[in-house]
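If you scroll down you'll find the structure; I have some questions about it.
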Amino acid sequence: MVNLDKGLLKIIKDESLEDYFIKANFGLEKENVRVTESGNLALTPHPKAFGDREKNAYIKTDFSESQLEMVTPVCNTLEEVYSFICNLNKVVSLEIMKNGEFLWPQSNPPILPREEEIPIAKLSNREDELYRENLSYKYGKKKQVISGIHYNFSFKEEFIKLLYKELKVEKDFREFKDDIYLRMARNFQKYHWLLIYLTGASPVFHESYIEEIKEEGEKLGEDSYYIKDDTSLRNSSYGYKNKKDYYVSYNSIEEYASDIKNLVKDKEIQSIKEYYNPIRLKSLGSEDMLESLLHKGIDYLEVRLLDLDPLSIQGVSKETLYLLHLFMIYTLLKENKEITYKDQEEFFKNHDMVALKGRNEEAVIYENGVPVLLKDKGREILSEMDEIVEILFSNNEEFKNVIKRALEKINNPHDTISEKLIKDIKEEGYINFHMRLAKEYLNNFKNKEFNLVGYEDLELSTQILILDAIKRGIEFNIMDRLENFISLSDGEKVEYVKQATKTSKDSYITALIMENKLVTKDILRENNIRVPKGKDYDNIDEAKKDFRLFKDEKIVIKPKSTNFGLGISIFPGEYSREDYDKAVEIAFREDSSILIEEFMTGKEYRFLVIGEEVVGILHREPANVIGNGESTIEELVSEKNKDPLRGKGYKTPLEKIKLGEIEEMFLKNQGLSFKSIPKNGEKIYLRENSNISTGGDSIDFTDKIHPSYKEVALKSAKAVKALICGVDMVIDNIEEEAKEKNHGIIELNFNPAIHIHCFPYKGENRKAGEKILDLLFN
């Protein structure tokens, strides 16, 4: 604890500020170039599906048209920011795959064409394009397409205010806050070489990279080179660095701004954007960063040294994120000293040495001009971090694991990311290795396409809508997780959405009409749309008494005002008084009023209407199993429910099949039970109603059905003035034109699920989430 600030550490401990200290704001900005299947830089334009890159909040371009930049919002936890970068990676990967492209998982470039063929990003602001053109003249395009990750960090304001109160300093709050971040930035500059060693992941480069650098390196395989003992080419003089090491003071904001302004005035750099220091001071809400810093102060720190980690599917591991968090805490608790020009010279020297020679067993770093073995100094820093954790965060397993893993890498360079990459690339080849990973990661995303990572508790339709919003750069906010209530903003207006399809576009009365099946039928009938005949009841005894009216009819018994097929019983054939009474009781469990109506012949189809369009049409096949001649129905259901597409609570494309009263009664009417053993290949239905919510299968019929039925669906939606609704229609023959007696509307749904149209059991994704966004924002 020799060089830790014992006074500050004591105050945080004595005043029980640990819980405030560990809370922070986190953000990530991640770059990847797009590549073809052969590992060549993709020369295609930025995908149109991502909309205007300058307005998209999450998906932009960096230097090159081929270089994507993914930006998370400010997140409250590392788990949250990690989940968000997972979702961005998935959204981007699944979109560019349509053009046969992949995200290149390495900071160093793939197979590059000639300099002049690398496309600069096409932007609306000519100054932004000119800035990039000047970079290409100065550094070369091949260096500019090196990619990496920026890690944005700030403490919660409440922690800084509590610390300000406890320390009783004689300065105003803004100055105190700025001093905290300046202190951290200075210590970061001094010790960041350790992060390069621990996270460096760009030791090898392709033969198509810069010719002069190849001459400095050694051949590793048929298509690649490396600098012996290097950890991060990107952080070295051969990578993404300024031409010179510029001295910029971090002793005050005024000195910081003045030094950078002088670099611009002397034409050393074009603007602060070209100041490629491993850490930069950042202020919110202004185009002119330096003026904003001077007038508003520091809001957060931007860490710029992270390589893409090819061994992590997201390009960065949780371990690295927790390491950085602990390191930022460490920089505040280290001694508070101003740094001189001579200090910075030493920091630059250590930076370059670790980037190019860090894996050498005898590697040294310099401290006050004295060489010290890297491994010895690394252990000392990690020991201090361990003391901090033991004093303040003794129950934090993530921090403890980070220190343990870091020590392993310090003690054995073979455990570093860079060493592992060299070994794997030597065995497989530079392009083959990275393309294998790129394809593996894409397949992983494809297998979990419908999930919004970190938000799996939301209904699947809501998850899909948010994923589509992310693709367009429409910002979202979860307002009530249990209710699936979100807000969406495109920067110009805000839309509130509940359960994916309840929006401002439909009035309250429209929802009430569709909620009430009796009123819905009356309105449709008034508009000359065929609906089933029947009666409504609000008294269970009256309903049971009328058994004699229906006993020879095919009927449906259902609640008047429920969704998702709850409480519905269907009798297409003979049924007993006991079965009838039980169905009436089941319906009354779900509502105070029920309907008993004729059962219409034909197959049932769900039409999804959004705006003036029928977006998708599904036939929902009732819950069923296919026999194998050995297993019981109960066992077959259990096996079918193991499908990863099946789950509970509308969080997967298909719902698990239930074995309840309704299923038992339906099987009984077929002379079967849960213990019956169907023949090999025999299909057994467990329900008459075909809702996905009760275990049904979804089969897309959008392009197979006669267009006249789409007109009927649109007419039905217009009759109740609905812009979003599900129309349940029974049709005798889908190839035959709609006529008076060959179809009928059995229900309108005011909150239709969209996931069944996006991930049908059979058929194509109808992009219902995108259609909702079109309705809300176009």
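Even glycines carry a Cβ here, placed using N, Cα and C.
So Swiss-Prot lists these for the protein:
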- 548-606: ATP binding site (BINDING)
- D728, E747: Mg(2+) 1 binding site (BINDING)
- D728, E747: Mn(2+) 1 binding site (BINDING)
- E747, N749: Mn(2+) 2 binding site (BINDING)
- E747, N749: Mg(2+) 2 binding site (BINDING)
- 521-777: domain 'ATP-grasp' (DOMAIN)
- 1-354: region 'Glutamate--cysteine ligase' (REGION)
To which of the binding-site residues P572, Y580, F588, D728, E747 does the lowest count of other Cβ atoms within 10 Å belong?
P572
Rounded to a whole number, how many Å is the Cα of D728 (Mg(2+) 1 binding site) away from the Cα of P572 (ATP binding site)?
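Cα-Cα, rounded: 18 Å.
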Using the alpha carbons only, what distance in Å do you get between N749 (Mn(2+) 2 binding site) and E604 (ATP binding site) once rounded?
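On Cα coordinates alone, these residues lie 14 Å apart.
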For the region 'Glutamate--cysteine ligase' (1-354), what's the mean pLDDT in this predicted model?
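Summarising the region 'Glutamate--cysteine ligase' (1-354) by its mean pLDDT gives 96.
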Can you tell me the CA-to-CA distance separating Y580 (ATP binding site) and E747 (Mg(2+) 1 binding site), as a whole number of Å?
21
Can you give me the Cα-Cα distance between E747 (Mg(2+) 1 binding site) and E604 (ATP binding site) in Å, rounded to a whole number?
11
Around the Cβ of N749 (Mn(2+) 2 binding site), how many other Cβ atoms lie within 10 Å? Please give the count over every shown protein chain.
23
Secondary structure at P572 (ATP binding site) (DSSP, helix/strand/coil)?
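DSSP call for P572 (ATP binding site): coil, neither helix nor strand.
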Sequence gap of 6 or more, C-beta under 8 Å: which same-chain residues meet both conditions with respect to V556 (ATP binding site)?
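P532, G534, I568, S569, I570, F571, L595, I596, E597, E598, F599, I746 - these are the non-local Cβ neighbours of V556 (ATP binding site), listed in sequence order.
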To see if you understand the setup: which same-chain residues, six or more apart in sequence, place their Cβ under 8 Å from that of R548 (ATP binding site)?
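Listed in sequence order: nothing, so none.
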